[in-house]
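Enquirer: Have a look at this one.
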Amino acid sequence: MESAKTLQKKISELKEERYVLIEYQNNINFEAEAQELKLNAAANNRGDMKTRLLDSDNIELQGMQNDDQKFFKYICGVIPVPQQIFFTRMLYRLSRGNAFVRYLDIDEPIIDPESGQPVRKSVFYIVSIGRGLSNKLAKLCNYFQASIYRVPERNTDACNKRLEEIDQGIDERSSVLKRSNIQIRKLLRQVAENRETGRSMVSDWRLTLKKEKMLCETLMKTRRYLTMIRLDGWVPKESVNYIKEEVDHFENAGQSGSIAVDDNYNVDDPAFRKTHGDPPTYFKTNNFTGIYQGIVNTYGVPKYKEVNPGLFTCATFPFIFGVMYGDMGHGGALFLTACFFLIFEESFLEQERRGEMSELMKYAFGSRYALILMGFFGFYCGTIYNDFISVPLQVFESQWNWNVNLTETNNEAVLNENYVVYPYGVDYNWYHTKNELTFFNSLKMKMAVIIGVTQMMFGITLGAFNHVFFKDYTSLYYVWIPQMLFMSCTFGYMCFMIIYKWCQDYRDDPDPPALIQTMIKMFLSPGAIETPLYDGQAAVQVTLLIIAVATVPVMLLVKPILNNKERQAEHAPLINDGSAAAGQDSSDVIGGALHEDERKEPEHAEEDHEDHTFGADLIHSGIHTIEFVLGAVSNTASYLRLWALSLAHAQLAKVFWQKLIIEYGAETADGGMRVIMMVATYAAWFCATFAVLMCMDLLECFLHALRLHWVEFQNKFYMAEGYLFEPFNFAAKKDDD
């Protein structure tokens, strides 16, 4: 490539020189230009002329008149057209009017060898007075990227001979450059084309470099001794035998040297953890579970053998999304789209490998395994709401009857005499009524609270598995149990009241109990019940309140006190040993030497004691207690977004349907005009539904489901203090490449 640039540069220079010689022969007359400059100088007086001249030889005007050849200097060359204005201005300032420049445009653009782009240039010639000024002007030309060329005498054999040499040089070099470019293109095609292996040479070279880099980085982590090299690393238990087999195969092949694999380590031993650190986290995932594990890992990687939220996220995440996105039409369309991606998965993967897939399409296709469950649960929750693009489906017989003679004062539906609960979902007669919004507000708000409290209590339950596995029984007894009691006695009790009230018949009761006021008075006025929900409610609520309040000091104080006592018991023997060593006879040199390390041990223990003091534990416990108690309220309120987004989705779908399809379409005109309006409004409805509900609202519900899992659910048990297991694997680099 460098030789091609050199050839192109030489060709461009020869072309520029050729144009200079042609213009010099045909259009440039230095004598006439010099005579004009001489007349301009003679028009001024001698003193002025001397001061204007820049030559340092104090040349007089009379001497200039005697020998024009000595005093007039000529410069010819080529300059880019955009530089002409600035070049002319600088030349005038530098020469103070004792030089001028003329430009002759070149019809053919000249290739710039650096950029490879054609550049418009012009032939220029400068006439100046004095040798000193001529040297300065030559430096000015270099500054403005102008090329200077020497020209022989006019109309001589030397000029014509030089033109012939230039033409011959251009032809030879152009031929060589053309052949070079053909060879270069042929070589690049061979390098870039896919071979029988399906990979190009460039990809193989890039992969080889990545492998070499991986090997170098790994070798830099080894410990080098006089006769051996030691490499420590992590490996899954199931792969240890495979590594040993590969090592045996290597030694049996007659390779020089020997390799030993030592796996006699107990990674759960605290002493091993202290020197080697915690093991990395490794989960086997597939195309389906990998996307949900990625959602969890984005928040934080699970600690080694910590409860992994990714397993439960596979079900809870799309379900939470479906609660907010509940619509049979929209959820079904999302489900079918994901099915389309899965059916033609190989075709889309091949398209992605060829680089023919847009960025937006990559995101949609990459989320196919999440979209299929999100669409399914969106459809499922739509069946619960009985909502198909804002239109209810009459699957079962309604339990409400409308009055035969409807009037403005008598416009309410009445229950059937033999009323039974609607078999599944919401009765379709609740739609398109005056109290539709009030009914769905109450229903979806209570559902959101029940779902939220259930998921949070499930998260607290998972925390018990962490405490048991890591043998942290202090946290299990004095943190987890109080947390579960607090949550159960407050918001768990609220969920109980919601379900209990749903199970009661209040048709003949004009004043049913208000649950929100009941919960408020439970804390502000314990024992005061205006409208009881069940017998003995006051005593039950007072008992639950006492239990909830009693759990707070337990969470705050008990664990720090027990930890402090445990540390004191551990450090007491070390302190006693250190005191005994310090009290020995100083003349006993051997004994002093033997107990030198023992005198240092209590000092180290004191440093560790200072890092984990009772005050630090108390502050840490206080932060977590306050966070849990306040979070129980704020997190429960945060789950109300399930109600808000579900309601917003339903209302947007209702507005689009009623305004575009019904009001502006079906009810606008009659006859053929109605058909035209229906077609037009249907197109507008489809675009609005796709853009707002299928795209924007989809992302909105996804982000809110993400927040509920990261903040409200995972903070009940998930520490996320681990790091991923990254195996040394050439295949992974090959896939990345």
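Placed from the backbone N, Cα and C atoms, the Cβ positions cover glycine too.
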Enquirer: According to TrEMBL, which stretch among 71-91, 365-385 corresponds to the feature transmembrane segment?
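Expert: Comparing 71-91, 365-385 with TrEMBL, transmembrane segment matches 365-385.
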Enquirer: Same chain, outside the transmembrane segment (447-465) by at least 6, Cβ under 8 Å from its Cβ: which residues?
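Expert: Apart from its flanks, the transmembrane segment (447-465) reaches 307, 309, 312, 316, 320, 323, 476, 480, 483-484, 487-488, 491-492, 494-495, 498-499, 632, 635-636, 638-643, 646, 708, 712-718.
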Enquirer: Cβ under 8 Å to the transmembrane segment (682-706), counting only same-chain residues 6 or more beyond its ends: which ones?
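Expert: Same-chain contacts beyond the ends: 295, 317, 320-321, 324-325, 327, 330, 333-334, 374, 389, 641, 645, 648-649, 652-653, 656-657, 660-661, 665.
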